[in-house]
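Annotated region 'Disordered' per TrEMBL: 1-26, in sequence order. Residues annotated as compositional bias 'Basic and acidic residues' in TrEMBL: 12-26. Taken from TrEMBL, the feature domain 'Transglutaminase-like' applies to 265-357. Here TrEMBL flags 273, 331, 354 as active site. As annotated by TrEMBL, Ca(2+) binding site applies to 394, 396, 444, 449.
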């Protein structure tokens, strides 16, 4: 009888399997399924008795049983929990339906499936085709199993996210289209794995590790930045984004990943932390690892690993770029959900991954997975990169006065409570912010938090070094004679004047004379000073225990040219108290862009056109030019819509209209980004309910 005369044709039951495997949102014709769960296929053109059939599933460049990248299995009566298996569903004269199951720890990726008949002994395997196998957070045997179904929906299937930014005084947020189910994104994510350094060095070994979410998370944290491996996004914190797009102009990951592939895998220019984090969320959700984007405010970048960050100021109160440490207004990273077989069950759950290239780990720019529980407990001796993450949320901050001429530095004061505030992520199923700070550390200032900090220092062998909390150094013993703070007295909006009040209080019972040097600088969100905006000085005499208020106005005309796309300003007042120690007063200001309104004019129905109007009012007394509106939204429009808008005179209102044709029902999000020469990247989003 020999081989069947015709090549077998395979029905992959893409729709039915997709429904069962939570993969129906993928736009590919190829079957996409999750490991540890059965899927049904039907094929014909095989004329052998079905009992004699053997299936071969293989992945990677050198499939082998030992590496678990090759499996051969016959038909059995029940599905196996531990290995690949096939159970007969039905047969007719010329077709066979089987239910195929993979083990819950199978290697993920694209598989080739073939079938061979053993009855003749001589026939070679016949290809049935390919399918893609992903992680399965719905299956209790999988490392990424997430028992809460609503969380699975959010952290694997939701294509819309909210990213929090601004600073700890003033949080703002913007929408992001993760778009993990958009056309070709799955292929790009698989291509990313095959372009990693690990794959280039040893493809077979790399593929054999792809069953392990902690391995993949670490590899992808390196691949999302371009630093070592021609990865996806090139970072740029210079404020000059020529030759690419400003990091704040992106509204979703799809465009970035598509650009990377279309350019022949050249790094996409440019990204900053939220772009790296959002792209990593897209890739991990796409592959089936539950992932979310997390923002840490007043985030420390501890370059020298001593759990301390040093900030330097000159005699005029200017923030100096001295030393490698820094504190960012905010920093965005990822949390992914999986178990830690390497560390034990108490360290399972949320794991921190960070694709922003800050410090090398194992010789390349990658970070994590650091167990969030390990960070909270100060177990900084555990893999991976726990000390770095611990410092980001809990370093002590040292403020120094530095004289560049003599290189002399004097400690002004230290604070153990400023780093790691308001750690935020999007709520499950709602467009709200939830605060998860208490999952990263014990209450700031509590004994438990200080004990954990000391435990962490001890584990890193730092307990003998200078401990800022010990009352030895002379500078710390001196108590300041005055205290100061900046109060905001008006709106924080680009285009409006900035009104602040410097409040100084004499803490002593005798008169104090104070000379105050004040400066304001535009900064990056990393607090890197960019351009001086304003400076002033004043001399005051404070009566015993007196509080005085000094109004400060910085006009829009003064700061307009100096502002970066981060809309961030740092104001400092260095107070020289006669006969006492210097006092530094600082305030980081995050300005909001003016508002933009989105109206959906009518009912949104599948495959029916609906009109949308976006309204922007120019809030300033000057014409704005080079206006561009960019629109995107998964299931609402394919790709990105760009509309050039005529210039707007002072105070003029612009109404921009376009049409949408939604192609899926449900609650969808439309994202808009409006830019012009005076306002960069004004973002808004609108929930659109699409009905049948």
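Placed from the backbone N, Cα and C atoms, the Cβ positions cover glycine too.
Everything TrEMBL records as a feature, shown here on the structure.
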{"residue": "273", "record": "active site", "Cβ contacts under 8 Å, 6 or more apart": "328, 330, 331, 332, 333, 356"}
{"residue": "354", "record": "active site", "Cβ contacts under 8 Å, 6 or more apart": "221, 276, 277, 333, 334, 367, 368, 385, 389"}
{"residue": "394", "record": "Ca(2+) binding site", "Cβ contacts under 8 Å, 6 or more apart": "307, 419, 420, 440, 441, 449, 452, 453, 456"}
{"residue": "444", "record": "Ca(2+) binding site", "Cβ contacts under 8 Å, 6 or more apart": "416, 417, 420"}
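For the binding-site residues shown (396, 449), fewest C-beta neighbours within 10 angstroms: 449. Using a 10 Å Cβ-Cβ cutoff, residue 331 (active site) registers 27 neighbours. Listed by sequence, the residues of this chain that lie at least six past the ends of the compositional bias 'Basic and acidic residues' (12-26) yet keep a Cβ under 8 A from its Cβ atoms are 32-34, 37, 39-42, 129, 131, 134, 136, 138, 152, 156-157, 159, 181, 186. Over the domain 'Transglutaminase-like' (265-357) the predicted model carries a mean pLDDT of 95. Same-chain residues that are not part of 394, 396, 444, 449 yet have a Cβ within 8 Å of the Cβ center of the Ca(2+) site turn out to be 395, 416, 417, 419, 420, 441, 445, 450, 452, 453. Here the domain 'Transglutaminase-like' (265-357) has, by DSSP, the following mix of helix, strand and coil residues: 18 helix, 41 strand, 34 coil.
Taking DSSP states H, G and I as helix and E and B as strand, the compositional bias 'Basic and acidic residues' (12-26) has 8 helix, 0 strand, 7 coil.
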